[in-house]
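Down below is the structure, laid out as structure tokens.
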Amino acid sequence: MDGFYPTNLKNAVIYAALILILLFVYGIFGSIYIMHLGVIDAIYYTITTVTTTGFGDIRPITPSQKLFTASLELIGAGFLLYIFTLMLSVMFMSFSEYVTGAKLKRKIASMKNHFILCGFGRVGSTAFKELKKRKQKVVIIEKNKDLVETELWSDPNIIAIPGDATKENVLRYAGIERAKCIIIATGSDVDNLFITIEAKELNPKIWIVARASERENISRLKKAGANRIISPEFSGGKDIYFAAMEPLMMKITVKHGMESIKREAEIIFKHNCTLENIMYHLPEFREPLKRKIEVSDLDHIEKFLFQVKKNPRLRESLNKMYESTSGVHSHWISGPSKENLEKVVEDLKKEGILLGVNLDDEKIKEITRKYGMLAEVMVKPEITVVNKHGIDEIRDEAEIILKHGCTIEDIEYYIPGFREPLKRHVGADSIEDIDKFLNTLKKDPKKYDAIDRLYMLSGGGIHSHVISARSLESLNKVEKELKEKGFLIGVNMSLGEIKEMIQKSGTVVDILVQHDVKNLEDKKTVVKYGGRILTSKHYLPGIRYVLTRKLNLKTMEDVKKCEKELEKPRARRTLTALYELSANIHSHTIVTPSAEITKKIEEELKEKGILLGVNFPEEKIWEMVEKEAVEPFCVD
């Protein structure tokens with residue numbers, strides 16, 4: 001590893017050499033031009049005068065010669081004193097550096113499961129502060145020797161190495177084989193890449209967090225072995241810290257009252273862990289309320305509890321928060337090792353307050369619904385309402401929500417075949433916003449049809465809104481009136497519950513039929529019962545291609561338009577070919593007002609001999625088509 005030689009010592013040696021050269025130039029030229037000596041005698045006279053060892057064989061006679069000789073002797077004596085002082089400094093600093101280096105080496109050799117931080121710039125120094133706050137052991141490697149010697153070494157609690165982290169011997173000196181994590185935060189992506197490769201080779205199990213200044217280098221660092229890559233463009237030192245601590249963090253979900261706050265903290269701090277935050281899981285809220293804590297000693301908790309005791313308003317607010325969740329809340333905690341975290345879990349279990357470890361949001365919501373009670377808290381509450389109505393009743397629904405001072409935040413449609421709902425931001429807090437939207441629909445028939453189709457596809461008008469309000473009372477009133485109006489299906493339902501309900505409702509189904517192109521009985525039957533045909537799908541064998549036609553038939557007038565369309569020769573030829581290629585088998589996606597009506601449509605189509613089945617899987621449809629198709633459709 002590079003030696004620890006201060007820059008000012010090197011400068012002193014350079015200055016001494018320059019002074020010596022200038023002194024000799026002055027002495028030699030003065031001896032030639034003032035003492036009138038030859039070159040050899042001038043060199044001899046300069047050396048003997050500067051070193052004060054003159055033998056008296058050459059003596060100054062004139063005043064100018066005497067002044068020159070005196071100045072040369074004075075400068076020489078000063079220079080010799082400077083050289084003597086410099087030698088003492090070198091000896092002292094060499095001894096000091098030996099002692100410092102030995103101490104540093106012993107300290108690092110005794111460390112294990114520590115962090116190595118490469119680079120102590122803006123990002124690195126912030127990450128270091130977060131690590132020290134949590135009492136983590138850190139070795140810093142910094143290229144800038146001045147920074148290490150003047151700033152970092154001034155604090156006896158900081159272990160820092162002046163050196164290049166891209167070099168193997170420097171990483172070994174920092175104890176890379178025994179470290180649990182290396183944070184690579186230098187300003188050079190090239191250096192960061194080399195350090196990542198070197199670190200992975202020296203310790204394949206080490207957790208690597210690397211900084212990437214350029215977006216295109218993120219994938220390179222990932223391939224090189226970095227577990228997490230942080231870009232200062234989007235994040236900072238704190239994010240690097242949390243990425244570094246990821247393997248040593250755990251989410252605990254607990255249940256206890258205010259009286260057990262101190263006891264819970266004692267258990268966590270006893271094992272040298274840090275309380276990073278607290279999350280309150282209110283039953284009526286989509287996301288938990290989060291608050292940073294970032295403490296690792298009991299003094300902070302005791303100060304907080306003293307403030308709670310002293311301040312009635314704070315005590316009342318906190319008490320309501322605990323009441324509203326029945327004491328259910330979560331913490332992210334970090335620790336020096338997995339063993340420490342496991343000990344915390346064991347002790348919390350013994351205390352009888354632990355509900356689970358690293359539970360996902362859905363699981364915590366289940367627990368919250370089980371234990372949680374509604375209570376007014378000093379935040380803006382929100383709920384998700386699942387409603388069912390047609391496009392013509394949008395204003396009626398909005399009036400109920402908005403008249404109680406609530407805001408419609410968004411709308412979600414649940415389309416069959418889609419894993420996630422289609423979500424659209426609304427942000428309406430006045431009826432004028434709704435009227436403006438409805439006027440746009442009236443002026444634009446295409447937009448109206450598109451929204452109408454969405455409503456029909458989404459379980460015949462089933463959709464959800466997140467609505468927010470100033471108080472829970474307002475939300476309760478909205479819930480009650482939506483229920484009375486017949487719009488409300490449920491509150492805060494999960495995606496699985498909504499999809500299951502749509503499936504059971506039987507209002508959106510795919511019917512598989514078989515008939516020739518002139519037969520429109522399937523269309524007439526669906527429309528007659530108030531249903532709607534959204535699409536028609538034809539299955540072309542050979543290439544196994546599904547051709548989908550948008551129909552959107554909702555009245556007998558629409559069916560008559562289909563009949564007129566068939567009278568046109570080109571349209572008739574195209575549709576006839578399509579029907580024949582798929583053996584007259586095709587499917588329709590239909591929407592009906594209720595499951596009962598869907599059943600009636602199915603029964604009538606069966607009687608007419610054209611219904612093959614409902615909601616068949618596509619593979620089964622292909623089997624039927626390919627079995628019946630006389631000439632498979634193919635392209636040369």
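Using N, Cα and C of the backbone, Cβ positions are placed for all residues, glycine too.
Owing to the predicted nature of the structure, the values given are computational and were not obtained by experimental measurement.
Looking at 34-54, 181-201, the stretch flagged in Swiss-Prot as transmembrane segment turns out to be 34-54.
The DSSP breakdown of the domain 'RCK N-terminal' (112-231) into helical (H, G, I), extended (E, B) and coil residues amounts to 50 helix, 25 strand, 45 coil. Panel annotation: around the transmembrane segment (12-32), residues 38-39, 41-43, 45-46, 49-50, 68, 72, 75-76, 79, 82-83, 86, 89 of the same chain, lying at least six beyond its termini, place a Cβ under 8 Å from a Cβ of the stretch.
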